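The block underneath contains the structure these notes are about, expressed in structure tokens.
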Amino acid sequence: MSIDPPADAALAEPAPLAAASTGPVSSPADTDGPVAEADIAAQASSTIAADSALTNKVRLVVVTGMSGAGRSTAANALEDLGWYVVDNLPPSVLPDVCVLAASTGISRLAVVLDVRTRSFFEQLPTMFADLGSVGLVPEILFLECADDVIVRRQESVRRPHPLQGDGRLLDGISRERDMLATLRAAADLVIDTSSLNVHQLSARVGHGYGGSTNDQLRVTLVSFGFKNGIPVDADMVVDVRFLPNPHWVPSLRPQTGLAQPVRDYVLSQQGAEDFLRRLQELLQVITTGYLREGKRFVTIAIGCTGGKHRSTAMSEEFARRLRDLGLSTKVLHRDLGRE
């Protein structure tokens with residue numbers, strides 16, 4: 001679903017992805033009469049039980065999120081990374097698709113779910129539980145976006161919201177948020193696309209799903225300014241406003257935390273080294289727990305007043321230390337250029 005052009009201003013809306021021609025997958029829409037939801041769930045459970053050896057071979061990522069947040073862009077990025085991507089799939093046939101993927105040698109499967117399949121959303125907990133019972137634990141990638149950005153994107157492409165009906169666009173957005181709340185809470189990775197363009201979103205997806213190692217924690221550090229709000233996709237938020245602000249040093253004010261003089265100034269301040277050392281120790285504890293629980297992603301937001309000097313410098317230095325430890329680490333500077 002989409003994100004609007006141009007790419008340097010927002011996320012583009014690609015054409016819908018089609019499933020590869022590995023054979024038909026049954027769907028309730030293909031039957032001659034109504035299919036009871038209980039029957040669908042029972043049939044799916046039976047399919048999984050019969051093919052448990054196959055489903056263990058597949059890594060499954062469920063791509064979902066708000067309309068206009070960039071699901072199609074994320075799906076295209078996954079496809080470019082070698083994932084087999086299926087769009088607009090009713091959850092009721094998800095087990096069949098997993099079995100089909102495993103039987104044809106597909107090891108990485110991404111399924112795009114959205115409110116177009118809303119009548120089946122209440123079946124998701126059952127589907128996920130059945131998949132988990134045979135060792136296939138779906139990972140959920142949830143794409144988030146601010147209401148005002150969704151409104152701008154939807155209006156720019158002149159498309160109604162799928163839940164808007166005869167009401168306002170904001171009413172449809174609100175209903176969608178309510179419908180997706182459970183999935184968002186269970187997400188393994190949440191990406192807020194409000195300030196991302198298509199290339200930045202593709203890079204975030206690539207960082208999360210581009211490698212072949214399944215048991216390594218992937219860390220994203222986001223520098224930001226508190227005056228612009230806290231990143232909604234952060235797992236942890238830390239505050240570095242206790243450090244002196246380079247903004248008040250005339251020679252440093254026009255520079256950013258990416259410049260060496262600013263970094264030297266920030267890192268030389270009392271408390272900076274101790275802060276980084278303790279944060280690293282905390283992350284090592286968290287890493288052990290996250291991997292034990294099957295979580296592969298963590299997003300840490302590091303904030304100062306405007307997101308220009310202290311948070312940028314500290315994020316870059318912390319990323320360097322994490323990479324030295326062998327952790328896959330990506331840095332994003334959300335608010336650079338906004339001042």
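Including glycine, each Cβ sits where the backbone N, Cα and C put it.
Keep in mind the model is a prediction, meaning the values are calculated, not measured.
Per TrEMBL, the stretch carrying the note region 'Disordered' among 13-33, 202-222, 286-306, 307-327 is 13-33. Averaged across the domain 'RapZ-like N-terminal' (59-209), pLDDT for the predicted model comes to 85.
Distance between Cα atoms for GLY68 (ATP binding site) and ASP114 (GTP binding site): 11 Å, as a whole number. For ARG71 (ATP binding site), other Cβ atoms within 10 Å of its Cβ number 29. Cβ neighbour count for GLY70 (ATP binding site) (all protein chains, 10 Å cutoff from its Cβ): 35. The shortest Cα-Cα distance from ASP114 (GTP binding site) to any of the binding-site residues (SER67, ALA69, SER72) is found for SER67. Of the recorded residues, GLY70 (ATP binding site) and VAL115 (GTP binding site) place their C-alpha atoms 14 Å from one another.
With VAL115 (GTP binding site) as the anchor, the candidate binding-site residues are GLY65, ALA69, SER72, and the one with the nearest CA is GLY65.
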